[in-house]
Amino acid sequence: MTANLSLPATRLVGDIGGTNARFALHTAQGLSDIRVLPTADYARFADALLAYLAATGATAVRHVAIGIANPVYGDQIRMTNHHWAFSIAQTRAELGLETFLVLNDFAVLARALPELPAAELVQVGGGSAVPGAPLALLGAGTGLGVSGLIPDGQGGWTPLAGEGGHVSFAPFDEREVAIWRLAHARFGHVSAERLLNGAGMAFLHQALGQIAGQTPPERSAAEITRLALDGSDALCHDTVTLFCTLLGTVAADLAITLGARGGVYIGGGIVPRLGDFFRHSPFRQRFEDKGRTSPYLRDIPVWVIHSPWPALLGAAAALDQFLQAH
């Protein structure tokens, strides 16, 4: 990340999830004093932030930007995967901040994309990115996060904050139609997120077993992944292979929708851990198998993100851009 040499040491960035809150100071040298605090240890978001400031001795912070695993609409934030709830304006006043910027976590991650070093990205097919073209982002973990980054025409970027993981799942062949039927019987509406997150991988494992006339044991996504990677369980291998394939469908739909000739980026907690398994999976084949738009998709590069703190980089970039505009 390129340091802003005029940057005062008064900025803090955060990445807030249901389990952990990650904080860092943002200075002219980049990110420093990165710490991870368990959210369960603090009654309020403000308490966690104050604990970080006390632990680091940072007393001059006046500008804060955080990404939070939650929709962000208006002033009131109520986390869906944790008990924290707060007013942005009241928290800014309580902490004596000049700026308190709160963004959706995947919008923040999207803002990090132009800042990521090449060494922290693994390309999975495609050609070269088109400079200045939109970027697409998706990531499977607890949910299925979706975002994008659109050039603002003034040398900056506008991240997209939405709920794209809840688009309807589109089966590609008869086996996927059978999976859709099983999911529809259980959930009603079958979104992409129903199948492409940790719980979705566990569902796919059971569904493939049922289609094959088996009754497989209940397994977590972590266990399914481990058994697939070590090659010790054929059904787990098939499950993770299908997971990668379905992600190719969703990634292609997103790329077409955004015109993401700048590339598609994949983060989240699942795919980066798959390593070469993902690279050699049918993901890319499915990504390009789109009828008349196949030649268009064939040129679009896909990268898997292997950055340790991408959301903190994104929060820093978003804060820079916000303060430059204000």
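The backbone N, Cα and C atoms fix where each Cβ goes, glycine too.
Gly17 (ATP binding site) falls outside any helix or strand according to DSSP and counts as coil. Summarising the annotation, TrEMBL assigns ATP binding site to Gly14, Asp15, Ile16, Gly17, Gly18, Thr19.
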*Count the other Cβ atoms sitting within 10 Å of the Cβ of Ile16 (ATP binding site), across every protein chain shown.*
27
*asked:* With Cβ-Cβ distance below 8 Å and at least 6 positions apart along the chain, what are the contacts of Gly14 (ATP binding site)? List them in sequence order.
replied: Ala21, Arg22, Phe23, Ala24, Leu49, Val64, Ala65, Ile66, Gly67, Leu312, Ala315
*Cβ-Cβ neighbours of Gly17 (ATP binding site) (radius 10 Å)*: 20
*Including all protein chains shown, what's the count of other C-beta atoms within 10 A of the C-beta of Gly18 (ATP binding site)?*
17
*In sequence order, which same-chain residues at least six apart have a C-beta under 8 angstroms from Thr19 (ATP binding site)?*
Pro38, Thr39, Ala40, His82
